[in-house]
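Scroll down for the structure; my scribbles are underneath it.
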Amino acid sequence: MSSLCSDCFRILVVAEKTVLPEIFLSLGNSDCPDRRYGWVRCSQKTEAINMVEASLKEGKPFALAILCVERRSVKEDIRFAEQIRQSDSQLDLLLLAEDADLIPNNLSERIPPQHKFQVLQSPYSLHHVAALLSVLQKKRLLEHELRSVEKSIEKEHLEYKYKQEHWSQLERAVEMMQIGVFIVDLDGKILYHNPAAAFMHGYEEEELLGQELSFLNAPDVGNRSKLAQIQTWNGLIRENVHRRNDGTTFPVWLMSEIVQNADGEPWVIVTSCEDITERKLAEEELKKHRDHLEELVNARTSELTKINTQLQREILDHKRTAEALQKSEECYRTLLEAAPDPVVVYDGEGHVTYLNPAFSRVFGWTLEESRGQELNLVPVECLAENRLILKKIRQNLPVSGIETSRFTKAGKRIDVSISGAGFFDAQGALLGSVITIQDITERKKTEEEIRFIAYHDALTGLENRKSFYMRLEDHILRLHGKERRISDKWALMFLDLDRFKYINDTLGHDVGDELLKVIAVRLQKCVRKTDYVFRLGGDEFTILLNGLSTDADAARVAQKIRRTVALPCEIKNHELFITVSLGISIYPHDGQDVETLVKNADMAMYAAKEESEGYRFFTEEMNQKALERMRLERSLRTALQNNQFIVHYQPLINSQNRILGMEALVRWHHPEYGLINPSRFIPLAEETGAIVSIGKWVLHTACQQTKLWHDMGYANLYVSVNLSTRQFKEPDLIETIEQVLEVTGLPSNCLKLEVTESGIMENPDQAIVTMHYLRAKGIRFSIDDFGTGYSSLSYLKRFPIDTLKIDRSFVMDSIQNKNDQEIIKTIISMARTLNMEAIAEGVETREQHEFLIQQGCQMMQGYYLGLPMPAEQFQERLDIQKTSDLKSAPDN
């Protein structure tokens, strides 16, 4: 076997050397004029088939096989031609026949196709063979070029289809984005904007087209966004203020990129515009998929040159279309790459095909590791919700602003808002979906904080008044409805700290606040996890006790609360002791609605406070007392104008049993109830504010009566009038007192005002100013119930006080109780040291009177010395004293 190497046109000659024509032997000579052919001669047919198959595997197939058809072996030679054609269907065959009748008529049917074999009949010359080989070679080259062109067309078509689908996905992603997107030309005029851009500015979809982007600036911003310098817009990121169509303004976040054309010159500017006021705008529903481009590539013509020209033209069209698609893709890719929210694109099977940098930043997955994967983002409890989202996408229903949770790559759980849409083929089959995800973790956290603030007390962290009424209402609705998850019996407790106000006023609000925090913790430890503790405000707390078997369960909790709260607590170097009063109402016995239960528990609490019993259950008797109190309050409103008040005077006696003055005490003569004890109506007047007008009337009446007695010859007589805490805080107190003295004509040194420790200690600095002013006018002051409050001696020295009144509680047991005796001695001694007068209240026995005189008490009052009496009776006492004085006076 001999060969001649050539890569362009390889020929296989199958024939024994003895039968190979001389003309073909000459093709292998070194002086052959045409050496473009490489030929291989093979004498064995089996070996020839193996060589054809091997050449196919090597990628260097034979172009032409020359076979000799001899008369002696014509059938075998024709069968061999069929076999070699089966080995390589693209192989051209040249049959050399001695006579034309050796070739069967149906050979083209047995060895198709017809244009792939030729018959050369003897005689033939070197010129004929060379011409034939040249034609076959040109034909082979044209076929090779045709296949190359077809492959190029197919490749360009696939690339074009991919870019078209990808461009459609990017376009739909931009259209559904929640941020605004503008494409403007180099003069700054808007060529395109997405629906979100028009919506956030309040315009219709095409109203902004042709406007300059600076048209959207707020009036005070001006034309900062005009495109005077194009290059400054490349990569521009800044905040601006835009104006809506209705004239309102809002802040936006702008991000701009310049897109270049194929020549590298600036083409358009893409600007994203995000409304940063809310960041919760729902994404616009994605537009319908664009119509597919009409099919390209017409049928090839029969002439090879015409086909080639047409194919080149179509390839050029494909390139131009691909370039346009690439430019559009670059625009949308720029927008997606710059988008602040994560965007992910899935195929129809739920595998990732694209995700933007924001997705990688938030969730931790990159595009390279995610492409073709199913990301495990959904928590187990959100699976049902996720299935609903997928169902809507498959049904081509809008998915907008669905709030749920997702996992990051690191396993961190975040709150998100999901919007998305699917895209479908012409038959409606799902091709994929585009999902945008907004991280709302911080917003959710803020909402939780706001919700906590709304329903919890800022100081103690307990649930507040609003939460209290919501839970109480919820309890009652459950029991009245079908849902019965809690016991039918439960208790409502109202709690109030005893004398907390004094601690707050004397030690300061900082100490008071810390004490409230301690009490809140202690209350929570006294109840179960199924119970609720609330702070309504100030020192008022409530407790909701669930699942009571008997009322005794509530009593045990109340006792535990009393013991726990009473424990001493150290706050800012102060050891504090405090007690609590509790009122309890039981559902359903004491009420089946919120208003009744709250009212009754509050009523029971005040009963416990008034009676110093610690805690009280609500009773119907309390309700009757409350009704009576309401009737009394209504009567109190008109008592003054109906002249139902009178003033009684109790004599103030010195150690020589002489009347030096009197205390004015108001009495209420009710037309229905008769004479009402002051202990019943004075607290009520204080609470309702009626004490202010009553106090002014008492002051005027007492001063007027005292001046009358002065005119009758009792010139040294003085009157002592009580000032309530509410009166002392009135801004016109000084003006009122001065006006009364001026109208009545009573000398100011004949008026003494009695104030309580608690009254002046509510605002000691202001009290000092007021009292010093009045003292300068000659008016004197007395501290009532001295020794029962939280007095501070340092403050006492600063007040212009003339008299200390020893409280009746010390005088009452002074004969039997040594401690009370020592307290009385101490107060008298203190008054003497501070150059003050001491007056003992509540002197009811001769023994008490004698004891006080022995201790040097200068002034006294009480039932033993004289009851409070009307002015007429008091004048009789004065007349008796005057007569006695005249009898005992020496004769002139």
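If you go along the chain as it appears here, the first residue is 1 and each next one adds 1.
Note: Cβ is positioned from N, Cα and C throughout, glycine not excepted.
Per TrEMBL, the feature domain 'PAS' maps to 166-220 (among others).
The domain 'PAC' annotation in TrEMBL covers 236-288 (among others).
TrEMBL lists 279-328 with the feature coiled coil.
In terms of DSSP secondary structure, the domain 'PAS' (328-375) contains 22 helix, 10 strand, 16 coil. Taken from TrEMBL, the feature domain 'PAS' applies to 328-375 (among others).
A mean pLDDT of 87 is what the model gives for the domain 'PAC' (400-452). The domain 'PAC' annotation in TrEMBL covers 400-452 (among others).
The domain 'GGDEF' annotation in TrEMBL covers 488-621.
Annotated domain 'EAL' per TrEMBL: 629-882, in sequence order.
Secondary structure of the domain 'PAC' (400-452), assigned with DSSP and counted as helix (H, G, I), strand (E, B) and coil, comes to 12 helix, 30 strand, 11 coil. Using DSSP to sort the residues of the domain 'PAS' (166-220) gives these counts of helix, strand and coil: 22 helix, 12 strand, 21 coil.
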